[in-house]
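Enquirer: First the structure, then my questions, so here it is.
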Amino acid sequence: MKAVCVLKGTGEVTGTVLFEQAADGPVTLKGSITGLTPGKHGFHVHAFGDNTNGCISAGPHYNPFSKNHGGPDDEERHVGDLGNVEANGNGVAEFEIKDRQLHLSGERSIIGRTLVVHEKEDDLGKGGDEESLRTGNAGSRLACGVIGIAKD
């Protein structure tokens, strides 16, 4: 199964992310985001596909198991915690991520939810404060888009 997300925000940040999953295998995300400041930026699937008031309408990180925030390789993490994407000196982040907790079908599907790129680096839940355990201290939402089904 395939999916796509077009990221847009109020500023210069834009991007496209393609998703692919074969049977019960991991979801592969391949994408490019431009207009970022150089460095790492938090990258998450948020709970809702609602962008009526911009990216803030997307709600919190997708977290069906009520866990604390963590890194993509941690046992204790939100399903939507994808860690960071890293922008080069030109503000472009090109990436490929494989994730076993995401699904493109079934009751925990991320189709119809929002993908968000954040202003700051995600501390992966290791910041030592409550906000770290909720959001990774990733800061404001620079761009977002609803994940939709794509043609196979």
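Every residue, even glycine, has its Cβ placed from backbone N, Cα and C.
What Swiss-Prot shows for this protein is this:
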LIPID     CYS5  S-palmitoyl cysteine
BINDING   HIS44, HIS46, HIS61, HIS118  Cu cation binding site
DISULFID  CYS55-CYS144  disulfide bond
BINDING   HIS61, HIS69, HIS78, ASP81  Zn(2+) binding site
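Let's see these features in context: how buried, what's close, how far.
Expert: All protein chains considered, the CB of CYS5 (S-palmitoyl cysteine) has 23 other CB atoms within 10 Å. DSSP assigns CYS5 (S-palmitoyl cysteine) to a strand.
There are 26 other CB atoms within 10 A of the CB of HIS46 (Cu cation binding site), with all protein chains counted.
Non-local contacts of CYS55 (disulfide bond) by the CB criterion (under 8 A, 6+ apart in sequence, same chain) comprise GLY9, HIS46, THR114, VAL116, ARG141, LEU142, ALA143, CYS144.
Using a 10 Å Cβ-Cβ cutoff, HIS78 (Zn(2+) binding site) registers 27 neighbours.
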Enquirer: Which of the recorded positions CYS5, HIS78, ASP81 has its Cα closest in space to the Cα of HIS44 (Cu cation binding site)?
Expert: ASP81
Enquirer: Within the same chain, and leaving aside HIS61, HIS69, HIS78, ASP81, name every residue whose CB is within 8 angstroms of the centroid of the CB atoms belonging to the recorded Zn(2+) site, in sequence order.
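Expert: After dropping the recorded site residues, what remains is HIS44, TYR62, ASN63, LYS67, ASN68, GLY70, ARG77, VAL79, GLY80, GLY125, ARG134, THR135, GLY136.
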Enquirer: Quick one: pull the CA-CA distance for HIS61 (Cu cation binding site) versus ASP81 (Zn(2+) binding site), whole Å only.
Expert: 7
